[in-house]
Amino acid sequence: MELDLETMAASIGVSVAVLRFLLCFVATIPVSFLWRFVPGRLPKHVYSASSGVLLSYLSFGVSSNLLFLVPMLLGYVAMVLCRPKCGIITFFSSFGYLIGSHIYYMSGDAWKEGGIDATGALMVLTLKVISCAINYNDGLLKDEDLHEAQKKNRLIKLPSLIEYVGYCLCCGSHFAGPVFEMMDYLEWTEGKGIWAHSDKGPSPSPYGATLRAIVQAVISMAVYLYLVPYHPLSRFSEPIYQEWGFWRRLSFQYMSAFTARWKYYFIWSISEASIIISGLGFSGWTESSPPKPKWDRAKNVDILGVELAKSSVVLPLVWNIQVSTWLRHYVYERLIKKGKKPGFFQLLATQTISAVWHGLYPGYMLFFIQSALMIAGSRVIYRWEQAIPTNMGLVKKVLVFVNFAYTLLVLNYSAVGFLVLNLRESLALYGSVYYIGTIVPITLILLGYIIPAKPARSKARKDH
């Protein structure tokens, strides 16, 4: 078997560890499909937990389940012993454990060299454990002290241990997400909420949406495998890169980031197919006639939304969607004081948490600081656009295009740090294009104070 894996791995140009992970990861689709045929609530929880444990073992070895056990126990013990503070206790203990694991395994270096370990799955698991504890904490609060999302997701009673483990490891969904809520998991398992019998018809068929996600995964991997030989990250350290002019360097940075994104599109498309075919990905019905099922709970990326984003502000809504939603609900919104409006502090703090979650590499920190600047600069352009009278349609269209071009420039410039990780190399590559993706956002932010713009449509600004 090992020899077969080595042959297969060599034929597609990956390590045996990565191939083993990919096989187990793709196996989450049939494993999730079989969940539909497990009878009864308790057996479903047992199947969710045991299949997650088995897939983790087959992918990463027995040590992975021991690695996952620690934050899961920390969160559950906090909920049992100290409910009023279990959210904050679990947040810091789980993040502390994740940071320690990042330092110990130094996963970023392994990933760059084609290796893999269980810390990627631990990252997803950490968010699940924290959200469960915070929602149990929210169950003590009054309605007037809660946002709408908090009211929907709060847990009034403590989940049983098997419910908790089933949620954390559900059919291997901890491998790459998407992150979902404990309340949704319980209602899905018990056939309640939107999964209860509806007058709009029988339970929706997941097979068409699953097939679409699988096709998207195949296309994404094909694009990645085609592009990566032409845009390897090793080119950044080769003498030829230094011989290129400004525009050639900038275009190569763009293509390197563009190529790398297709790898994530593949991963998230597979995870989307897995969650959809289980039924958990169902998120309600459209208002059309006849109503059509929505599968937004499984969606982690909108490829066209990323590549053709008209504004940096929309990127968290189309890239790593469920993690962005988690950051909004559990970090950004909870940093806003009652009666106050959010500002740059909440944005920067949220991006910093996101950077730490990814790992302690300087490249991650640079990328997410850059992201905060990128979004703030994009908001300035948007406010200027909203201030233009409706009779100056051409000027408004020009500013819309400027925001699109700005997003394209700064996103792919910033992504270089995320890809190379090393501080010196990241700064050198930013410097090779004269820090254009840093200078432009800062300049826009400063111009926003010098040339303030009061939008003609306040509602549009609020929505943005």
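Numbers here mean position along the shown chain, with the first residue as 1.
Any Cβ shown, glycine's included, is placed from N, Cα and C.
Note that TrEMBL annotation is computational and uncurated.
Not measured: the values here are computed from a predicted model.
Here's what TrEMBL has on this protein:
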TRANSMEM  12-35  transmembrane segment
TRANSMEM  55-79  transmembrane segment
TRANSMEM  86-106  transmembrane segment
TRANSMEM  118-137  transmembrane segment
TRANSMEM  158-176  transmembrane segment
TRANSMEM  209-227  transmembrane segment
TRANSMEM  264-285  transmembrane segment
TRANSMEM  364-382  transmembrane segment
TRANSMEM  394-421  transmembrane segment
TRANSMEM  433-452  transmembrane segment
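Tallying C-beta pairs under 8 angstroms between the transmembrane segment (86-106) and each of 12-35, 118-137, 209-227, 264-285, 433-452 places 118-137 first. Beyond the transmembrane segment (264-285), the same-chain residues lying 6 or more positions past its ends with a Cβ under 8 Å from any Cβ of the stretch are 25-26, 28-29, 31-33, 35-36, 170-173, 175-178, 180, 184-185, 188, 194-195, 198, 200, 203-204, 206-207, 209-210, 213-214, 216-217, 220-221, 224, 291-301, 303, 320.
In this chain, the transmembrane segment (12-35) lies out of contact with the transmembrane segment (433-452); the count of Cβ pairs under 8 Å, excluding pairs fewer than 6 apart in sequence, is fewer than 3.
The recorded stretches the transmembrane segment (364-382) and the transmembrane segment (209-227) do not share 3+ CB pairs below 8 A when only pairs 6 or more apart in sequence are counted, and are therefore not in contact.
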